[in-house]
Amino acid sequence: MARRSDVTPPGISLIRSLRGRDWSFSSYRYAVLLITFIAYACYHASRKPSSIVKSVLDPERDKPVLSNIWPIGNVFVKEELFDSDARRLTKKGWAPFDGKDGTSKLGEIDVAFLACYSMGMYVAGHLGDSLDLRLFLTTGMIGSGIFVVLFGMGYFWNIHAFWFFLVMQMIAGLFQATGWPSVVAVIGNWFGKRKRGLIMGIWNAHTSVGNIAGSLVAASVLEYGWGWSFILPGALIFFGGILVYLFLAAYPEDVGFPCPYASGNNEETGPSKLEAQSQKFDSDDCQPDVNPQSSSTSRRSVGLLEACLIPGVIPFALCLFFSKLVAYTFLYWLPFYLSQTAIGGVYVSVKSAGNLSALFDVGGIVGGIVAGYLSDKLNARALTAATFMYLAIPSMLLYRFYGGESMTMNIVLMMIVGLFVNGPYALITTAVSADLGTHSSLKGDSRALATVTAIIDGTGSAGAALGPLLTGFLSGNGWDQVFFMLVIGALIAGLLLSRLVITEISDILRRNQSNNAQSTAGSESQPLLSDQR
């Protein structure tokens, strides 16, 4: 049995000694939400630079110039002229990405990162359930930061070898695979199923916040050389890893509380004894046991095959394959698309395209929250996800055909696309993964949260690798082909959940009939009671 001193994060131990008393269960949950939010925002911020610098590495020449564009002055401007070095890069690009095959090579860089990320996810999920989640996440963040920085150093070292950039992205992808299974597992350990969709929908804003931060940071230093666009986000995730090491309590047991949401506890039938116990923890008067009976190190992990057999894992994993194909195509290629497409008859600059693309993620934040709320309200995760994917189809077509009419139209339609594309992606990778990782079919004190999350998101990440790769080839023949691919991907994603959707609709109808029958019986009993009086 591991003692509390073995697993308590050093930062929490220091705070305890300074305060003279411990936090309540609620305070720890808020801290866990904040730290994991920051951690995964750092992960996504470190992935954005490659999309921002695409148009610098592989520029398109001879575009008309406009100094200012609505609505925020020089935030969205056309072809700013930076220093002489940046002007050289803007016009000539950076070998080996400045040739005729530059676009496809950029696509290969993306797919190398995402392929390693996808493959590493399956291993990382099992390791996350077997090892100390805090140390595992710390290692992944620090390693990611180092290799993102090394990619940017290729600029300062004047490296033009394709293999260097390819290898840096591949290793970074392996380290990045540690992030998502770990943070979802931690949240699942601290929060029950009730309102999990809404909580995780709000919490999942870290994805869009990280994308926005990464876009703005990378674009803000682009004028000083594209290498800085990698170095700053890399440093950000490096220091985020140190924050995780110092302050993240991966399990309630690690700080002395019993875990009320351990795998195998079925919350579907109503408030359980452990649920009531967790409510008692919310009191500020409640303090943890000095010597907890168990800790995170004493749990049994679940194998990949056993996790795959959990009902719903395979359909949601396949759905996420196509959902992330769509979402990551926008993540990696939207800034490039904006810089290569006329908006209101003019072209925005590389820096402006990066800033403008952040609005896609603003819509994504709203989409994740709305999808989480609706899935809780209807108790129908699959129905919500499929509906959003179907609605993403007309929104993407409208964006393609009318987004170039004006800047206002582009922004509005871009945010609508972000809402419908990121909504199901956020729902499946958070609430759905946590639900399945604590499914009632898991008996005993077992750990499956990180493993299930890895299976679902790892499969999704294979789609995330395929989308940007295909875009690199298809975009050379026109962007209509790219959007046709995205429409087909969204349609298939929705259809893959059809069986689960039918089941959920039947459950909703059954519940409504039951409620109507109860209300009818109640209304009929009222006259009888009055007659007896």
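Glycine is treated like the rest: Cβ placed from N, Cα and C.
What TrEMBL records for 268-280 is compositional bias 'Polar residues'. The annotation domain 'Major facilitator superfamily (MFS) profile' is assigned in TrEMBL to 34-506. Look at TrEMBL and you will find 268-297, 514-533 tagged as region 'Disordered'. Among the features that TrEMBL reports, transmembrane segment is placed at 27-45, 135-157, 163-191, 203-222, 228-248, 308-334, 354-375, 382-402, 408-428, 482-502.
Among residues of the same chain six or more beyond the transmembrane segment (27-45), those with a C-beta under 8 A of the stretch's C-beta atoms are 137, 141, 144, 176, 179-180, 183, 186-187, 190-191, 203, 205-207, 209-211, 213-214, 217, 233, 236-237, 240-241, 243-244, 247-249, 252, 255, 257, 284.
In this chain, the transmembrane segment (228-248) lies apart from the transmembrane segment (308-334): fewer than three C-beta pairs between them fall below 8 angstroms, excluding pairs fewer than 6 positions apart. Each residue in the domain 'Major facilitator superfamily (MFS) profile' (34-506) has a pLDDT score, and their mean in this model is 80. For the transmembrane segment (354-375), same-chain residues at least 6 beyond its ends with a Cβ under 8 Å from one of its own Cβ atoms are 51-52, 75-76, 197-202, 204-205, 207-209, 211-212, 215-216, 218-219, 222, 330, 334-335, 338, 348, 381, 383-385, 388, 410-411, 414-424, 426-427, 430-431. Ranking 163-191, 203-222, 408-428, 482-502 by CB pairs under 8 A with the transmembrane segment (135-157) puts 163-191 at the top. Within the chain carrying the transmembrane segment (408-428), a Cβ under 8 angstroms from the stretch's Cβ atoms is held by residues 70-71, 197, 200-201, 204, 207-208, 316, 319-320, 323-324, 326-327, 330, 343, 356, 359-368, 370-372, 375, 381, 384-386, 388-389, 391-392, 395-396, 398-399, 402, 456, 460, 490, 493, all 6 or more beyond its ends.
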